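As recorded in Swiss-Prot, the features of this protein are as follows:
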type     : residues : note
TRANSMEM : 4-21     : transmembrane segment
TRANSMEM : 28-50    : transmembrane segment
TRANSMEM : 54-71    : transmembrane segment
TRANSMEM : 84-106   : transmembrane segment
TRANSMEM : 116-135  : transmembrane segment
TRANSMEM : 154-176  : transmembrane segment
TRANSMEM : 181-198  : transmembrane segment
TRANSMEM : 211-228  : transmembrane segment
TRANSMEM : 233-255  : transmembrane segment
TRANSMEM : 262-284  : transmembrane segment
Amino acid sequence: MDIFLAVLPAIFWGSIVLFNVKLGGGPYSQTLGTTLGALIFSIGIYIFVHPTFTPLIFGVGVVSGLFWAVGQSNQLKSIDLIGVSKTMPISTGLQLVSTSLFGVIVFHEWSTKTSIILGVLALIFIIVGIVLASLQSKEEKEAEEGKGNFKKGIVILLISTVGYLVYVVVARLFNVDGWSALLPQAIGMVIGGVLLTFKHKPFNKYAIRNIIPGLIWAAGNMFLFISQPKVGVATSFSLSQMGIVISTLGGIIILGEKKTKRQLVGIIIGIILIIIAGVMLGLAKS
């Protein structure tokens, strides 16, 4: 039962972008709707949990949420350019690399020879996995010469990675508990969502529809907080990376993104390598 709880965040988070695309609207309406959904769910959690608030917790939570909006909005922009099945392995890999390196440099996480070996191997696996998952078909290469969508998508994902990195590490730097940060984060997410999208007139029916992915995201967060004390941070972190399977294969199977046989093989091997790397990083943290 505990492992099942720990897998739920991956299932929930892995399905978010599939819901975003299926529910329609551009990345701006999708971002705004998702943040609103997260706020609604977080208010409900606050009513039942009653976490402790201080000015520091509130401020850190809001800043964290603002940067989550940067990460999510740019991830959705990348999906709009290069698709879910290409965006998500690259995005997940970049997030793992950035958070791991930050953990090593700032928090000195890899303190033993074993953890250093595991960590370095994991980073190599991630890089190889990203390369394999981002293979282009002949048609895509020809289209790239004209539009340059893949290059644009990668640049946007680098910005997204910075957003997600700050979202994750700022709460840790100030030792803010996840339950306490949940509502302030959601408030920051909505503020960030509005600031990043209001010029593009995102307030429409698609923003309302995309409240659903926001509810799903917040539910995934809740199950992460519940599972961590039961299975440990390392295990819950490793299992949460499995969402890449749902989002990537969902992009191909559910959303109908076309791939060549070579690309499919590259994506599958790339996903496996990134998942293995996630497990190795979890072990290196423990």
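Glycine is treated like the rest: Cβ placed from N, Cα and C.
Counting residues 6+ beyond its ends, the transmembrane segment (262-284) has Cβ neighbours under 8 Å at 85, 89, 92-93, 96, 100, 109-110, 114-116, 118-119, 121-123, 125-126, 128-137, 234-235, 237-238, 240-242, 244-245, 248-249, 252 in the same chain.
Long-range neighbours of the transmembrane segment (84-106) within the same chain, counting only residues 6 or more positions beyond its ends whose Cβ lies under 8 Å from a Cβ of the stretch, are 17-18, 21, 75, 78, 119, 122-123, 126-127, 129-130, 133-134, 150, 153-154, 157-158, 160-162, 164-165, 168-169, 173, 241, 243-244, 247-252, 255, 257, 259, 267, 270-271, 274, 277-278, 281, 284-285. In summary, the transmembrane segment (233-255) does not lie against the transmembrane segment (154-176): fewer than three C-beta pairs, each 6 or more positions apart in sequence, are under 8 Å. Long-range contacts of the transmembrane segment (28-50) within the same chain: residues 16, 20, 69, 72-73, 76, 179, 182-183, 185-187, 189-190, 192-194, 196-197, 200-204, 206-219, 222, each at least 6 residues beyond the stretch ends and with a Cβ under 8 Å from a Cβ of the stretch. Long-range neighbours of the transmembrane segment (181-198) within the same chain, counting only residues 6 or more positions beyond its ends whose Cβ lies under 8 Å from a Cβ of the stretch, are 28-29, 31-32, 34-36, 38-39, 41-43, 45-46, 51, 53, 57-70, 72-73, 167, 171, 218, 221-222, 225.
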